[in-house]
Amino acid sequence: MKPRMCLILFIALMRVMSIVSAQSSCTNVLISMAPCLSFITQNTSLPSQQCCNQLAHVVRYSSECLCQVLDGGGSQLGINVNETQALALPKACHVETPPASRCHSGSSVNSHSEHGNGSKTVPREKSSSDGSIKFSFPLLAILFTASYITLIYAKY
């Protein structure tokens, strides 16, 4: 493969990956809510502490993505969300969230209201890291492509 062709391929991949990355930002947030699956897909009576910690994190940093859960965002991942359980999650975790009615009104979900669904008590996040390194799919694809191009280019 000629160097010019490699460059064109790399630029095309970068454009595609930037589009995918923009579309999947909430998908990554939904995936991070995996500890809550047993609560929002089944009728488990209490969510785990890990679920509550993750919910508090999402509310703090990506609350707009919570609307996607209520709007069927879980179905794109093959998950059937029990909407009643999903709406009960903030109260069960004692996490204040913006009202669910804001999801359909078009207003910003990030602006907090006095009338949240849950309590004002938010669980503290653990300060210790689990030691894992998390890469996004676009970054992995770019690294893979760059290494492949380097390997091909080195042969010529």
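The backbone N, Cα and C atoms fix where each Cβ goes, and this holds for glycine too.
Among the features that Swiss-Prot reports, signal peptide is placed at 1-22. Summarising the annotation, Swiss-Prot assigns disulfide bond to Cys26-Cys67, Cys36-Cys51, Cys52-Cys93, Cys65-Cys103 and lists similarity to another entry as the type of evidence. According to Swiss-Prot, the N-linked glycosylation site annotation covers Asn43, Asn82, Asn117. According to Swiss-Prot, the region 'Disordered' annotation covers 99-130. Residues annotated as compositional bias 'Basic and acidic residues' in Swiss-Prot: 112-128. According to Swiss-Prot, the GPI-anchor amidated serine annotation covers Ser128.
Looking only at Cα atoms, Asn82 (N-linked glycosylation site) sits nearest to Asn43 among the recorded positions Cys26, Asn43, Cys65, Cys67, Cys103. Here the candidates are the disulfide-bonded residues Cys26, Cys51, Cys93, and by Cα distance the one nearest Cys103 (disulfide bond) turns out to be Cys26.
Among the disulfide-bonded residues Cys51, Cys52, Cys65, the residue whose Cα lies closest in space to that of Cys26 (disulfide bond) is Cys65. Cβ neighbours within 10 Å of Cys26 (disulfide bond), excluding its own Cβ and spanning all shown chains: 18. Listed recorded positions near Cys52 (disulfide bond): Cys36 (candidates Cys36, Asn43, Cys65, Cys67; Cα-Cα distance within 10 Å). Each residue contributes its Cα atom, and for Asn43 (N-linked glycosylation site) and Cys51 (disulfide bond) these two points are 15 Å apart.
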